[in-house]
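Database features, via TrEMBL:
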type     : residues : note
TRANSMEM : 38-56    : transmembrane segment
DOMAIN   : 85-128   : domain 'Homeobox'
DNA_BIND : 87-129   : DNA-binding region
DOMAIN   : 131-341  : domain 'TLC'
TRANSMEM : 180-199  : transmembrane segment
TRANSMEM : 206-225  : transmembrane segment
TRANSMEM : 260-289  : transmembrane segment
TRANSMEM : 309-333  : transmembrane segment
REGION   : 343-385  : region 'Disordered'
COMPBIAS : 352-366  : compositional bias 'Acidic residues'
COMPBIAS : 372-385  : compositional bias 'Polar residues'
Amino acid sequence: MITWLNNKIDQLLQPELLRPENLGQLHPGDYVPIPSDIVLPSIITAFAFVLIRHIFDRLVVYPIGTYFGLKDSIPRKNTFDHPVLEQEYKNSKSPTSDVILVLSKKTGISERTIQFWFKKRKKQDKVSGIKRLSDSSWSFAFYFVLSWYGIYVLSNKQWSTKTEDCWKGWPLLTVSNDMYYYYLLELGYYISYIYMLFTDHKRKDFLEFFIHHNVTVILLILSWSVNVVRIGALVLCIHDPVDYLLTFAKSAVYCKKHRVADVCFVVFLFLWILTRLIVYPYVVLYSVYIELPTLAENDINIKTLDSSLVIQFLKALLVVLQVLHVLWTILIFKSAATKFTRGELQDARSDSEDDEKDEDDDDVLNDENFKEMSNNNTGNDGIGQ
């Protein structure tokens with residue numbers, strides 16, 4: 001069954017990439033990428049990462065979070081059920097005064113009580129500090145380890161500094177064992193993180209992250225299938241070192257170590273601009289859009305590669321990544337601006353509604369109309385429609 005599945009994967013993702021005459025040119029021990037060698041192993045690796053994540057939470061995150069006074073759960077204060085208000089809550093968690101007025105007329109509930117209802121309803125969705133720390137700490141641990149592993153792997157590769165060599169000799173570009181494991185771990189992580197996006201706390205930029213991680217998975221699989229692993233490894237190595245700085249800064253914020261977070265954020269901001277807005281476009285995109293077509297003019301194999309639909313698709317995905325870089329840069333600068341206006345580093349890439357202050361909590365609890373409806377918990381009964 002596994003053999004049959006692997007054969008189907010190879011037929012789908014790598015149809016006749018290497019002809020018999022190509023294979024005859026390989027030296028004993030040389031290895032060129034085969035899709036079945038990484039697709040199923042990466043799925044198994046993804047399951048392993050999910051399991052390791054749970055162990056990491058229990059052995060590392062929870063003790064650290066508890067030490068810094070973070071709570072594993074948030075007290076839930078019941079609110080009365082009401083389908084009309086619940087439906088509006090799905091549309092907007094902070095309705096305008098005009099919408100509240102309409103809801104008041106529709107339900108027969110006072111505007112003040114409706115305002116209280118929305119405040120209490122939002123508190124039910126708040127995410128605990130431990131869960132936030134879990135997300136950022138896990139990302140930090142992965143990116144920290146893999147970024148330095150990637151730098152180690154690429155440090156002795158000539159093509160890492162001379163990007164023309166990412167293409168010369170295709171399709172007989174051999175892959176070393178360390179490169180294989182680098183790709184396998186990265187692919188397994190991003191597959192696992194797509195799942196974790198649905199299980200971790202809600203993000204303001206959920207869609208951007210979902211697109212980014214799916215694009216990354218597709219890039220990794222396709223680049224492996226057509227043996228353009230070298231340029232793919234450069235993309236990974238450019239991205240990872242910056243990400244662990246951001247996730248560490250977020251972890252420091254959750255642990256109330258704002259000075260540490262500020263220092264990390266400044267370093268992160270500098271490296272983000274350097275890698276995402278300068279190195280990535282002027283190294284990766286330049287190599288893909290300028291060097292590759294130039295080499296294709298004098299090499300029939302590279303010309304075949306450059307004119308293939310797969311490479312055109314990969315080129316488009318690399319541009320999508322750059323668009324996401326620009327969008328995230330805007331969010332990051334908003335976060336930096338918030339630092340100067342509020343004096344506290346905010347996570348512009350998470351749902352800011354979860355960070356609301358609780359100044360009016362006592363008023364909410366003590367409001368007589370609200371207490372009566374909460375105690376009755378009657379839904380529509382006794383409420384005018």
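Placement of Cβ uses the backbone N, Cα and C atoms for every residue, glycine included.
TrEMBL labels come from automatic prediction, so no person has curated them.
Owing to the predicted nature of the structure, the values given are computational and were not obtained by experimental measurement.
Counting residues 6+ beyond its ends, the transmembrane segment (206-225) has Cβ neighbours under 8 Å at 13-14, 17, 33, 35, 38-39, 183, 186-187, 190-191, 193-194, 197, 231-232, 235, 310, 313-314, 317-318, 320-321, 324, 327-328 in the same chain.
When DSSP labels each residue, the DNA-binding region (87-129) comes out as 31 helix, 0 strand, 12 coil, counted as helix, strand and coil in that order. Beyond the transmembrane segment (180-199), the same-chain residues lying 6 or more positions past its ends with a Cβ under 8 Å from any Cβ of the stretch are 31, 37-38, 41-50, 53, 135, 142, 146, 149-150, 153, 206, 209-210, 213-214, 216-217, 220-221, 224, 229, 232-233, 236. Mean pLDDT for the domain 'Homeobox' (85-128) in the predicted structure: 77.
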